[in-house]
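Asks: So that we are looking at the same thing, I have put the structure below in structure tokens.
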């Protein structure tokens, strides 16, 4: 029967078929041709397998090892290749080669993701989205490892494993547990700002193309004269912001759980390349020292009025991965991967991630993960004293000396890439930061950014989640949101009361139904026992 051409993701196999003039010869992993891959080697047609069936053993042994550890966060994602092009000059702030000339293009790969879900989870969950960019620059790979929100839930990395545990499954029931999540949120009021964004309209983006990205952290830019400023990175979508209503997101989770991945793939295959603008905010060291709050606190944003956005360039995604596992799954990002001209700030969360991200890549992919094609700095080959280890994929740096310094033409230092000097002082202690202002910016979000309908949807979304929690957790959450604004707390209390009443009614109806079933159950059991008894009498003959 004649068929119309399907969507791009439906035509992948047909595209591959058309790209080949003839099939390859089927081989084992060591490249030997295979005579028959449709039957195992056995003694007779019904006999046992032979241990010398190396074709089967080769296939099965590799299959047993196909899966690698999934990311502990950001497990589910999609991505694509593209380029970054400089459109505006920022060399007065930054000497990085990637920004050196207007019109300069740098290859990139972006991986988008959800945060808390597993590899098979739905793309349309209410969850922050990862927005990680790898720039393959001529001075090494630069990873801008961001999210789709300008802030984060916590400001001290000591809480990160605990926070993520609340987003994962209960260790006993293996179910998502709202009590865990809201217990943590309500005990740590610094989460309030991000929680309001998460449960607002932007908590469920309409795919990956219609959301912004943010470096979130404060970084440091250094120019060729050694002068430094603090910086925040913004990636603004040119497609316009679009979000999904909760009911649509829930429907898609069942009908099209890979909605965002499919949308990105089909868009690029159709030539509808998504575009973003890379922008920065800049703050001087003097401004940072005298600012009204800690500018390195990732739970807060910098005022756009005081620190306006500066355009840097555009980002375009124009090529889908040739293999999902090799590229999207094996790509490894780390905020510690920076290039000359881009440095770190005292941001505590950033400092914590400098260790955590490379460490988790070592766990997932091994010590030589940077040698994988998707991760290697192919425009600036690595020369160092690191050798050997599992999966040393390239030439292992040949005969170059494995120590430094040396007298035998080994790799040498480059004197013009010295990091900027900066001063720190203070007592060594564990500063808990509980006295930070956790509610002023959430109040601005409530009063100045959200309109009346957005505030109403925020309240309903929070109530819909909180209704599953213990009463004392609900009360503590209401208290936090009341500190944002009295109207917020009052509205949430009213919405939660209605949600609780509806929940109680539903549970009473379920209990009544279960009680009726339990009354009928003994009769059914008696009937089955009589049948078994009669069957036993029959079988004895």
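Note: Cβ is positioned from N, Cα and C throughout, glycine not excepted.
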Asks: From the ranges 1-20, 21-40, pick the one that Swiss-Prot records as region 'Disordered'.
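Replies: So the range that Swiss-Prot calls region 'Disordered' is 1-20.
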Asks: DSSP-wise, what's the residue breakdown of the region 'Disordered' (1-20) into helix, strand and coil?
Replies: 12 helix, 0 strand, 8 coil
Asks: Excluding near sequence neighbours, so keeping only residues 6 or more apart in the same chain, what lies with its CB under 8 A of residue 357 (heme binding site)?
Replies: 145, 333, 334, 335, 336
Asks: Does residue 147 (active site) have same-chain partners at least 6 apart in sequence with Cβ under 8 Å from its own Cβ, and which are they?
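Replies: Same-chain residues close to residue 147 (active site) (Cβ under 8 Å, separated by 6 or more) are 115, 128, 129, 130, 131, 213, 214, 216.
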Asks: If I restrict to non-local contacts, at least six residues apart, and a C-beta distance under 8 angstroms, what lies near residue 74 (active site) in its own chain?
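Replies: Expected: 111, 113, 114, 115, 130, 132.
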Asks: If you run the three-state DSSP split on residue 147 (active site), which class comes out?
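Replies: It is in a strand.
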